[in-house]
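Chemist: Structure provided below as structure tokens; questions to follow.
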Amino acid sequence: MSSEADATASAAAAAAASSESSSTNDNMEGRAKRPAPEDTEEDTAKRQKVPLPPQPAPVFLFATSTDVQARRGASRDDWCRTQCLTLREMLGMGDYSDDSMSMGPIDFIFISNYIVNFEFLLDEVPELLSLPRACVVYGAKEGSENAWRQASTSADGSCSVDFVCRNPADPPATATNPLAHKIPYGVHHSKFFLVGFSSGLLRVVIHTANLRHSDVNNKAQGAYIQNFGRKTPNNTTTTTDFEDSLVQYIQSYKYNKKFRWDDSNTNAAVVTIAEQLRKYDFSTALAVLVPSIPGYHKINNNQNLLGHLKVRQQLARIRQEKQKGEKQQPIGPIVCQFSSMGSLTNKYLHRLAYSMNVARAKGVDDGNTSEDDEQKPINLQLVYPTSDEICNSLEGYRGGNSVPGTLKNVSKDFLRPFYRKWSASKSFLSSLALTRADSEAPTNPLWKGNNVPHIKTYFQLSSNNDDTDGGAMEWFVLTSHNLSKAAWGDVQNSTKHKEKRLFIRHWELGVLLSPDQLGAQRLVPWSPAAEKQKDVVTVPLPYRHKPLPYADADKPWAVDQRYVRLDIFGRRAASDA
């Protein structure tokens, strides 16, 4: 199986509390509230063309076991409750969330993931056994789904849960691969929940965690969470890019079974999940969907774009909007943080950096970059853990199974100048010749240097020096995409079709946020000081936004290596028992 995928296969929330016909989003406790539907601020702002107050970024970290312990004695406004959520809280049923009171019972849940451990999932969320309708799409599984199936089967033989395996590496047009082609090394790597409530709300959770204990409780993970209401009767045909992208992605599964997803409405029609999604109003989405779908895709300038070309399209829009304002200052580095790396070339890395550079962003055209662009230096930083960081983690070398970069892929010479550390301890910081602001800055409680990283984040800083701007970001992506052609896609020439096409191997899903989408002047990493600033929206980042370069002795983690140094469990490799 591909090294771009999680190694183990080698084997809130921005919650809306609106009415059924409303798509206005309120947010969870500890976050600023958006005006309720009856308020007139939004209407007044539209009439006067006054920007609305900034909306809280609907991005959260998974609460690790350490974060949960930190909640003891903490207030409702503390970081461990406002920035970090448990899996149950993300689904609207947690101990620290009252969302279930306002959203009503769950009518259906659609689960999509790479690796699902069914025993863990049912232990964590036993309510799944009694839901009216559930569907689980997975790439690989641990344990058996039989207990869930049996508990969900009625006396008449009907079953309220469906289990759907998707693997693009299987033979084409089969039960597990509905695509027209077999895609070698392709995997179903996306991770998300669609939760439909009896109140008419839909919660969308796009995250980075495999559904098993170590991923959810021990590793650094992230999630985008937002609720959406129903379309009004006179607005049923209007669509948005978020809606179209989500439906396009769901339709790629070719899962066309029809059910009454609105269980609380006995008059509801029997429809597919894609048709069900068309009932919701996604016009309030605070993010742009960034999907990848395995296969060969025509490159249309503005329609149905996937992978890194979707990012390029959105950054071109951001650049166009910025050019209407003040004179632009030089843009800072592109930071790519990931947990696995494919077999990259220097040329592909330049192409990816081009798509992610808002300073150069242009229309997609045929998806290519010029030879001149591919020769220019790129201001890129690759946040990838060192072997010592994995060794020192709470899980030791075994935790590195979820960071499956191989020695062949991570040790290429051209990558070395770009590498940055995942963690940065106080003692390490004090040993470096840093700026005063850096060396004296307190450690952020969200930094998870002791946890193995499985989150994937990409962003571009607004400048090379953040001493005054707090680490302002031009854009921010949270996604399942690792750093690989298989995930982001590779533009190829098709001699047969006489056109350029984007070739993708994996199913992936992520979101892109920018200050203008959130109505903010700046988008910055969360810190106790940043959350108190006006006209600023924060995103929780589990590592330094100015990551530190590798020291001369540092080596990138390689999952297939044996190490001289023992971890705290006495192991020398990820494969040790």
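Quick reminder: no glycine exception, Cβ is built from N, Cα and C everywhere.
Copied straight from TrEMBL:
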- 1-27: compositional bias 'Low complexity' (COMPBIAS)
- 1-56: region 'Disordered' (REGION)
- 28-37: compositional bias 'Basic and acidic residues' (COMPBIAS)
- HIS189: active site, nucleophile (ACT_SITE)
- LYS191, LYS456: substrate binding site (BINDING)
- HIS454: active site, proton donor/acceptor (ACT_SITE)
- SER484: site 'Interaction with DNA' (SITE)
Chemist: When you measure from the Cβ of LYS456 (substrate binding site), how many other Cβ atoms are you left with inside 10 Å?
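Modeler: Cβ-Cβ neighbours of LYS456 (substrate binding site) within 10 Å number 23.
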Chemist: Please classify the secondary structure at LYS191 (substrate binding site) using three-state DSSP.
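Modeler: Note: LYS191 (substrate binding site) is coil by DSSP, not helix or strand.
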Chemist: Suppose we draw a 10 Å sphere around the Cβ of SER484 (site 'Interaction with DNA'). How many other Cβ atoms does it contain, all chains included?
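Modeler: Here the count is 26.
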Chemist: Out of HIS189, LYS191, which of the recorded positions is least crowded by other Cβ atoms within 10 Å?
Modeler: LYS191
Chemist: What does the structure give for the C-alpha distance between SER484 (site 'Interaction with DNA') and LYS456 (substrate binding site)? Integer Å is fine.
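Modeler: Between the alpha carbons of SER484 (site 'Interaction with DNA') and LYS456 (substrate binding site) there are 12 Å.
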Chemist: Count the other Cβ atoms sitting within 10 Å of the Cβ of the residue listed as 'active site, proton donor/acceptor', across every protein chain shown.
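Modeler: A count of 25.
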Chemist: Could you round the CA separation between LYS191 (substrate binding site) and HIS454 (active site, proton donor/acceptor) to a whole angstrom and send it over?
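Modeler: If we compare the Cα positions of LYS191 (substrate binding site) and HIS454 (active site, proton donor/acceptor), the gap is 12 Å.
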Chemist: Taking the Cα atoms as reference points, how far is HIS454 (active site, proton donor/acceptor) from HIS189 (active site, nucleophile) in Å?
Modeler: 13
Chemist: For LYS456 (substrate binding site), what is the secondary structure by DSSP, using just helix, strand and coil?
Modeler: coil
